[in-house]
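Annotated in TrEMBL:
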DOMAIN    19-55  domain 'CBM1'
SIGNAL    1-19  signal peptide
Amino acid sequence: MLIRPALVISALSITSSLASIALYGQCGGDDIVWADTCSEGLVCQYMNFWYSQCLPPPIISSTATGDDTASTGTPSP
């Protein structure tokens with residue numbers, strides 16, 4: 001039986017695209033990020049040219065406004 005290299009590469013590509021990467025797993029490298037491969041609820045965070053990692057999304061606080069008038073009603077001097 002003769003196995004064609006293109007067929008093997010195609011099968012590997014399909015298999016790897018269906019797998020999801022767990023928390024702290026590598027999801028990219030060599031300046032390539034596969035954002036859709038992280039498990040549900042995780043995002044592929046670019047670290048550097050060689051490494052990207054599946055992490056929880058950043059938490060953005062809605063209470064940090066940078067406005068000093070919130071506590072006293074008057075601007076600080």
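Each residue, glycine too, has its Cβ placed from N, Cα and C.
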Mean of pLDDT values spanning the domain 'CBM1' (19-55): 90
Counts of helix, strand and coil residues, the domain 'CBM1' (19-55), according to DSSP: 3 helix, 19 strand, 15 coil
